[in-house]
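Visitor: First, the structure itself, so that you have it in front of you.
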Amino acid sequence: MVVDSQSKSVTISIMSVSTVLLTTLLGSAIIQALFFAFAAYKKSDKVTDLSYSLSFVILALWLFAKREFSIFRIVLTMMVVLWGLRLGTYLFIRILSMKKDARFDGIRENFWAFAKFWTLQGLGVWLILIPTTVALSSITTVNIGIISMIGIVM
């Protein structure tokens, strides 16, 4: 990565970004595969939302652990972790009270249709996490300014 201090532009090595993106794609796929194995065995949709939210938490924490600490990285990681835990808790409690998700009727019993859902969910996690992946993988120190503070508060 090359940082031009005059224009504050950042150039990131394509190789390092592609490696991190492929690694997070693989990580997302592994997490989804583990939860899918359980869900397919039990023919249950109770863990679909839990795996979705935990994927963000696990991958963000993994990306955070790979670089030096900075206020920006701590704040960004904590925002993803808190959002993921809040979402996962809400959705898991909801599915436990609902007993089953009617959207999965006819799907959870069909291995390939259920696998397709889990594959798309893993891809969705990866796509949504791309900006966080790039930000947490950067070796550039980012100062938290007024725009960042507004974003954090929102």
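Including glycine, each Cβ sits where the backbone N, Cα and C put it.
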Visitor: With the ranges 97-115, 135-153 to choose from, which does TrEMBL describe as transmembrane segment?
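Guide: From TrEMBL, the annotated transmembrane segment range turns out to be 135-153.
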Visitor: Under 8 Å between C-beta atoms and at least six residues away from its ends: which parts of the chain pack against the transmembrane segment (135-153)?
Guide: 1, 3, 10, 12, 16-17, 20, 60, 63-64, 66-67, 70-73, 75-77, 79
